[in-house]
Amino acid sequence: MAEASFGSSSPVGSLSSEDHDFDPTAEMLVHDYDDERTLEEEEMMDEGKNFSSEIEDLEKEGTMPLEDLLAFYGYEPTIPAVANSSANSSPSELADELPDMTLDKEEIAKDLLSGDDEETQSSADDLTPSVTSHETSDFFPRPLRSNTACDGDKESEVEDVETDSGNSPEDLRKEIMIGLQYQAEIPPYLGEYDGNEKVYENEDQLLWCPDVVLESKVKEYLVETSLRTGSEKIMDRISAGTHTRDNEQALYELLKCNHNIKEAIERYCCNGKASQEGMTAWTEEECRSFEHALMLFGKDFHLIQKNKVRTRTVAECVAFYYMWKKSERYDYFAQQTRFGKKRYNHHPGVTDYMDRLVDETEALGGTVNASALTSNRPEPIPDQQLNILNSFTASDLTALTNSVATVCDPTDVNCLDDSFPPLGNTPRGQVNHVPVVTEELLTLPSNGESDCFNLFETGFYHSELNPMNMCSEESERPAKRLKMGIAVPESFMNEVSVNNLGVDFENHTHHITSAKMAVSVADFGSLSANETNGFISAHALHQHAALHSE
């Protein structure tokens, strides 16, 4: 009996009488290794399987004809020539004509371990055609199945099984049931009420139908009914004629009159049961108290009602707020009081000096009158201060810039090498009401033991601006410059001595290039040179610094 073997160059192999020694490689040994725990798990899994179904399948396949068995496993039937010849021959002759398909164990192992594609085809049925030669192609014309053809074979097997069971693929295909023909018919309710349930016998009543009369006609009708019933006071108080509230009773009367507007107005006005749900008119005093409380407490209507508007309920205050916010009165209120806008909420690098100057001048002028609070108008600024503020022009600013003395030439680093007496015991004078806001606190680099321009507090201090040593030889020239200016009238600027407005450097060596000083004074209308010290000592210090860096 000739034994089949695989050629080294052909994956399918051919029949040969030569025997080859099988030497397993390292990869084969790696895959062949198995752990004892894995074997025990597989044995436990096999014990739980039911092999009765497999035995029944094998017995069924043993009684099947050869053609049906080949078709069941995906093989094509034999060609007619072979079929005719086999029909006339006996089973023993047919067995003699078949090739010898016995395989050596080594050849089977080589076929199983030759690759990943062939590992999946490890059944004996798949191996049978792989070892046949061209002589067996007449009986088995179909070669070994590959992975690409496996899906098609599975589909054909499924179709064969469906055909054997008597169900066509069209019958097994699911269909989405959408359409009128799939809707269920719900029969009328034929149940009975329980003993505790009460049968609903009342008839529902239509109160309003909005699709009959135009919306503009309905609004005119509601306005007319509100004017006839005395609600015109509220309409005059809150932007007359622009906002209309729904009146269900008036709409119901219009429906009962078959949408006859004239008849509905007469019946609604003559009917004593006509609803007066609209809020009563707010007096001018109540409106002013509400607006004043809104500035103090915000939208806390409980505090508004408790402290200012005690004649109204909290609900009435809330309703009035929403109607008042849509009126022209709110626009006037917001314009006069800046309601809803946070003051001084500007860009960090921009300060509204004039706005703050006016506001702080009002605060120094005394308490605001009660009449000014109720009318929500700020107290008028005194004429003297207005004249001073209006006197500032571009020429004044130019004069202020030119009047400030330059310490030295910015291009000369060693310009301030002269000695300067220490000022450790010099008292500090405080300046009140200098409405200047810090825009940027300048930090200059230091070198060696000297701290270059360290301000201990923000404010203005006494100093003697004589020749002083502010730059050391070791210190480097800073990249930033300190700029300051004095915002006062020119006449006052000529009288005030610079010695009264200085900086105490606490006996430190500092490095400053081309410094200028800036002071903004509010109450300077009647000041003179003799009254400067009194002005400086009579006010509290404002913790602000006027420093601008270039």
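Backbone N, Cα and C define each Cβ position, glycine as well.
Comparing Ser16, Ser52, Ser89 with the features listed in Swiss-Prot, the residue bearing the annotation phosphoserine is Ser52.
Per Swiss-Prot, the annotated phosphoserine among residues Ser53, Ser231, Ser475, Ser528 corresponds to Ser53. Swiss-Prot marks one residue of Ser14, Ser123, Ser156, Ser275 as phosphoserine, namely Ser156. Listed in sequence order, the same-chain residues six or more apart from Ser52 (phosphoserine) with CB atoms under 8 A from its CB number zero; the list is none.
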